[in-house]
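Residues or ranges marked as domain 'DAGKc' in Swiss-Prot: 1-132. Per Swiss-Prot, ATP binding site is recorded for N10, P11, T12, S13, G14, T41, G67, D68, G69, T70, L71, N72, E73, T94. Taken from Swiss-Prot, the feature Mg(2+) binding site applies to K213, D216, H218. The active site, proton acceptor annotation in Swiss-Prot covers E273 and rests on similarity to another entry.
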Amino acid sequence: MRKCARIIYNPTSGKELFKRTLPDVLIKLERAGYETSAYATEREGDATLEAERALKRDYDIIIAAGGDGTLNEVVNGIAEQPNRPKLGIIPMGTVNDFGRALHLPSDIMGAVDVIIDDHTTKVDIGKMNNRYFINLAAGGQLTQVSYETPSRLKSIVGPFAYYIKGFEMLPQMKAVDLRIEYDNQVFQGEALLFLLGLTNSMAGFEKLVPDAKLDDGHFTLIIVEKANLAELGHIMTLASRGEHIKHPKVIYEKAKSINISSFTEMQLNVDGEYGGKLPANFLNLKRHIEVCTPKDIYNEELTEDQQVEDGIIEEKPSNEEIIKNNEISE
């Protein structure tokens, strides 16, 4: 029986490269046994609505072709449904944080090959109030860099554009009094920014969460406390090497649920796009979405449960089984 695939793509992403390559993508998927159709988004929110429609038509897989914003919209269209289809990703944005985290090929046909191989990984997603995200949520002036960086600069220098814009914004940064409740702990004080990460890659920084796991049911919470300009510049430099977590002005924690509030207005960034303002409640939805990934995805980025499921390692016996085996051997 042929499987049904629905491609939801942003025709303007990647200088319209996917739009021009679409006929070849459709042929390749058809030859691999997929009955495939495609939908081009026209405005903000289109990908979410189309993903919801695709669910009603019982597609086996939804393929998001575009940048992190398109992917976020597709995830929001399927996250609330109990029977979610598999998610395929063809990264077409400038940075493609989530695609980088999954080590997806940067070329279109390579990404299609990953989908055809049909190896999947169940990954965590986050819920912020009534919307979902798949990579990060953040607050603070510096977190606005992803949607304030000019498109022309991104097209010229790629992810390095965020570094340039980030250093440009440092002198404007002001600390805000925040209350952050996470699991059984509380941070109360002045902070310049906070980040909730689900993967290791955010705004081009691939080592921002050096110990990230895609499926452990926890956010990585990073809080940068009030600091001077020199300290901030040092933290940004350290972040490019994954060494910022040792800085005395950086709080680095793991948490399943987080509540953040402030008496001062603070904008939120969700998967690289404007996400409203505080207050916000965050909840990690463990292994909520099944995503097509390369077969050689790094094992250290997955929990033991996923590695057992993939056949990478054998399941460890329970304490009861160990005791029973010992009794038999005696």
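Quick reminder: no glycine exception, Cβ is built from N, Cα and C everywhere.
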Among K213, D216, H218, E273, which are recorded as recorded positions, the nearest neighbour of G14 (ATP binding site) by Cα: E273
Residue among recorded positions E73, D216, E273 with least C-beta crowding, 10 angstrom cut-off: E273
Rounded Cα separation (Å) that holds between G69 (ATP binding site) and D216 (Mg(2+) binding site): 24
Shortest C-alpha distance to E273 (active site, proton acceptor) - which of the binding-site residues T12, K213, D216, H218: T12
DSSP three-state assignment (helix, strand or coil) for E273 (active site, proton acceptor): strand
Length of the line joining the Cα atoms of K213 (Mg(2+) binding site) and G67 (ATP binding site), in Å: 22
Cα-Cα distance linking D216 (Mg(2+) binding site) and G67 (ATP binding site), given in Å to the nearest integer: 25
Top Cα neighbour of D216 (Mg(2+) binding site) in the set of binding-site residues N10, T12, L71, E73: L71
Between H218 (Mg(2+) binding site) and N10 (ATP binding site): CA-CA distance (Å): 30
H218 (Mg(2+) binding site) and E73 (ATP binding site), distance between Cα atoms, whole Å: 22
PLDDT averaged over every residue in the domain 'DAGKc' (1-132): 95
The domain 'DAGKc' (1-132): DSSP-derived helix, strand, coil residue counts: 56 helix, 37 strand, 39 coil
Binding-site residues listed as N10, T12, least Cβ neighbours within 10 Å: T12
Count of other CB atoms lying within 10 Å of the CB belonging to G69 (ATP binding site): 20
